[in-house]
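Data block below; observations after.
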Amino acid sequence: MAKLINGKEISQQIKDELKEKVSALKAQGKNICLAVIQVGNDPASSVYVGNKKKACAYIGIESRAFELPEETTEEELLSIIKDLNEDDGVHGILVQLPVPKHINEEKIINAISPKKDVDGFHPESVGSLCIGRPGFVSCTPAGIIQLLKRSEIDIEGKHCVVIGRSNIVGKPMALLMLRENATVTICHSRTKNLKEICKEADILIVAIGKPKMIDASYVKDGATVIDVGIHRDANNKLCGDVDFASVEPVAGAITPVPGGVGPMTIAMLMNNCVEAAEREE
Ligand SMILES: Nc1nc(=O)c2c([nH]1)NC[C@@H]1CN(c3ccc(C(=O)N[C@@H](CCC(=O)O)C(=O)O)cc3)C=[N+]21
Ligand SMILES: [Mg+2]
């Protein structure tokens, strides 16, 4: 029986800590503002964006919402970002991904000022993480570090296997685990012997994007398993990349979906907004 790593509870803790910080900042006359931009109305994006706005309201951060039509041009979006970069009243800028196909995602990410890059997606933010300088860290990997630390799971010296090498999750995750002195292996779609490598992990972080792909046969007895995936199964129920029912009996600790990594992503976004405002001086 694995210990359940409760992301909902831990994210609530973090939001309560931030709420106190924000009221202290307010008492000094400082109001924090996050600009949230959604282009089009993909239903999953609307859920996530809605959760972000709710978290802002709870903590006391102002959210300035931009709900732009699907047909918005790249130039229009870039022009809004430019205005927000120059607006001293705005501390963080978030463009919900994915953007429609006619808009170049990379151009959008590059346009956001690194000072306001609360997603941590800008090349300067990623570079800073890589060389150990201060900068914003991508929210999902940062949230996973908090999950581990606040669940008192040791990282130092452990073998951490990350499955997935995306710029927003896999790569920054590996860098963060390295910073915490883990021994890190990154696996991906071309990895040979995936199962054998996963079986050696003390901490297995799964971000492959395939529903319930990782079952008990990939997991060492007592390992910690972190599930980054989020999908809907045949019964329209949320599930992750990990087959929870299969893995839970062998793992030492495991995150559920929902209520695991997802809420932590939002808590860390809030954390980055507060940091952006604090760093301003
Ligand atoms: N610029 C940008 N920044 C992001 O951080 C970003 C993004 N684009 N695009 C999409 C991904 C995905 N993401 C999630 C946020 C919250 C939950 C979340 O709250 N999950 C809940 C369940 C939500 C539900 O009911 O569907 C949970 O796991 O318990 C999930 C996924 C942020 N992302
Ligand atoms: Mg994020």
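Glycine too: its Cβ is placed from the backbone N, Cα and C atoms.
Annotated in TrEMBL:
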- GLY164, ARG165, SER166, ILE230: NADP(+) binding site (BINDING)
- 5-119: domain 'Tetrahydrofolate dehydrogenase/cyclohydrolase catalytic' (DOMAIN)
- 138-280: domain 'Tetrahydrofolate dehydrogenase/cyclohydrolase NAD(P)-binding' (DOMAIN)
PLDDT averaged over every residue in the domain 'Tetrahydrofolate dehydrogenase/cyclohydrolase catalytic' (5-119): 97
Long-range Cβ environment of GLY164 (NADP(+) binding site), under 8 Å and at least 6 residues apart: GLY170, MET173, CYS187, HIS188, ILE205, VAL206, ALA207, ILE208, GLY209, VAL228
Fewest other Cβ within 10 angstroms of its own Cβ, chosen from the binding-site residues SER166, ILE230: SER166
Cβ-Cβ distance under 8 Å to ARG165 (NADP(+) binding site), same chain, at least six residues away: LYS171, ILE186, HIS188
Taking residues GLY164, ARG165, SER166, ILE230, which bind NADP(+) in the record, the widest Cα spacing (Å, whole number): 17
